[in-house]
Amino acid sequence: MEKPEKRYFIRRKHAVIICITVVLCCLAVGLGVGLSRSNNTTPAATTTPAPTAGPPQPPSPGRGPCLPSTDSSGDWRNFRLPDYVNPVHYNLHLEPNLEDDTYTGTVDIQLEVTKPTRHLWLHIRETFVSTLPRLKVLSSQGGQREVAVKSCFEYKAQQYVVVEATEELPVLDTGEVYTLSLDFQGWLNGSLVGFYRVTYMENGITKKIAATDHEPTDARKSFPCFDEPNKKATYTISITHDVNYNVLSNMPVEGSPQQLLGNKIKTTFQKSVPMSTYLVCFAVHQFAYVERTSARGIPLKIWAQPSQISTALYAVNVTKLIFDYFEEYFNMTYSISKLDKIAIPDFGTGAMENWGLITYRETNLLYDENQSSSYNKQRVASVIAHELVHQWFGNIVTMDWWDDLWLNEGFASFFEYIGVELAEPTWGMRDIMIISDVLPVMVDDALLSSHPIIVDVSTPAEITSVFDAISYSKGASILRMLEDWMGRDEFRDGCRKYLKDFYFKNAKTSDFWASLASVSGLPIAEVMDTWTKQMGYPVLDLSVSDTDARLSQKRFLLDPKADTSQPPSDLGYKWTIPVQWHSLQSDKNMSLMFDKNTAEQTITGYSPLADGLLKVNDDHIGFYRVNHDDRMWTAISQQLQTNHLEFDAADRTSYIDDVFALARADIIDYGHAFNLTKYLTSETEYIVWDRVDASIAYVRNMLSSNALLYPKFQQLFRDHVKAIATQLGWEDEGTQTERLD
């Protein structure tokens, strides 16, 4: 699915190069400096794939024995699968025909049934069952007996195929399982979901590759299955393919491929670890690879078009570094004996964390040192780290249902920065996170159109909709705040316990909180539920007198006319907030907990006269904004002009973003915002300028049609950027962050 981007959000920087700001201001163009943040587009691919031909037409209605029906008399009318039927193991065989873009397959699913039933139903969409399903009972001794099937039909309202036995199916004895077998046919359409094919050019010849993309609800398009994340099972996958093609799947190949008639080969893969349907993956291709070996001896391969394989070297080297680090950090070995990654010429999403076979859009895996931009290098490293995190968070431990998607995506979005920080220690990735995730999503979450991190979903469309910035970036942001509150070591130990406690299982947010609480002794759930079960975030009003400093909180919304009580929240839009603060004069670093039930919180340990200027929310570590009285905003501006280096770059970024957001919300006057920018003639840090550009975009757009004020606005920021533009020049050189500038 292309909108919204899922798995890894591909963001263009708000400022590609600060010097462009000068040109744009001079030209009076009312557009953002550089490229605006977008989750739906990426830079052009390293090579242009041949246009993918239109998909073949789907089968006509009524094809096969399982005809569409509106019969809603049974529990198959429900969106969720029943809890008394669970898959144990899939034997899945596929035979794709890349000449006519079709495929056939057979799936044998071993089932545990814990309640008598006459009907079995599982997911299917567009693919159709070609013969009457078969049902039998298998014993642990190898015996089997047939169970007569009366009929089958498709219940399209919930994307099910329903199989009816002639008699009620009893609960079986220990050691026995039901096996449901279905033959099916599908087509390798051009929709880029399910099992699909795309074309590309190699030496003037059009070639094809077939691959899968199943998250969140598209495994059912590839083959009939119990397509919910908590229906984990093992898989034995085999593929019959043309001799001129190679195949990959989640697991290593079992033995030697079987030679068949007609230049065909049958390749069988080893039995998998228990996994959710959305992680099942296979690819039929003619690619080459580069390889490294992990510290523990795991082969790590990057597959790409032969003409592009040299651009996979950075990816394979970074993969080894981050892979080894995550095994150590999580104190848990990777679960499979190989890891493949493949760059697909036309891939609908940024990347997908399929266990043992990670699929990527080419621009997110391939990097040419001589042609690609600095940002492309950072993106490749970040996407690689993001998908590697999923091999633990998401694959080993999977959210129980999509309402807890953030347990997968928030974690991967947070730990990607930790992984890249290890691989590229000079990049300052923890600061980059502030401008890539934390502050951008604070804009999204300050709108009434936002939603809680944990949100009910009850249709495929609703599931798809939560693959958004709230699940990814806000999820990552509150983990960043949580790690700071707990301490890095205890947070790491809590994550290790969570992975161990739910190894190869499913979990809910409450389970994660319990794991963290057990190692820290802190009231994790009590605090963090206020951040996951309601939308939005607070603004803290800081009031400093001659004798003390006090905090109060209220919900922050960008629209000054919006009703802060809507939509209703059981928590009343109050948060329990871990607050970090720092005093400039005495150099104190202290913390406090602002309880949601407390109207006002005194900052103990702080004396205005002895400690000097007070900075609340160091490094913008907390997911909230801070407002000051007029006197404090003036003092902050004066300090920045006197010596801006008294605040680190993250704090300066935080001040800029907060002051413009508060002015936009009509909480403070814009005079404070523009007063705070006076020091920018001395500012050289990329992360600060990134948020300057993002913060003034709203003002620029509002003033663009004002013939009196817009030229003054232009002149103001032309003067601000002149010094840094002169310093940086127009050559793409310097450190990574200087080149990003």
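Cβ atoms here come from the backbone N, Cα and C positions, even for glycine.
Predicted automatically and left uncurated, TrEMBL annotations should be read as such.
Together with HIS386, HIS390, TrEMBL lists one candidate of GLU369, GLU409 for binding Zn(2+), that being GLU409. Residue with the densest Cβ environment among the binding-site residues HIS386, HIS390: HIS386, by other Cβ atoms within 10 Å. GLU409 (Zn(2+) binding site) counts 29 other C-beta atoms within 10 Å of its own C-beta, drawing on all protein chains shown. Residue counts for the domain 'ERAP1-like C-terminal' (613-734) by DSSP state, with H, G and I taken as helix and E and B as strand, are 87 helix, 7 strand, 28 coil. In the predicted structure, the domain 'ERAP1-like C-terminal' (613-734) carries a mean pLDDT of 93. Secondary structure at HIS386 (Zn(2+) binding site), taken from DSSP and collapsed to helix, strand or coil, is helix.
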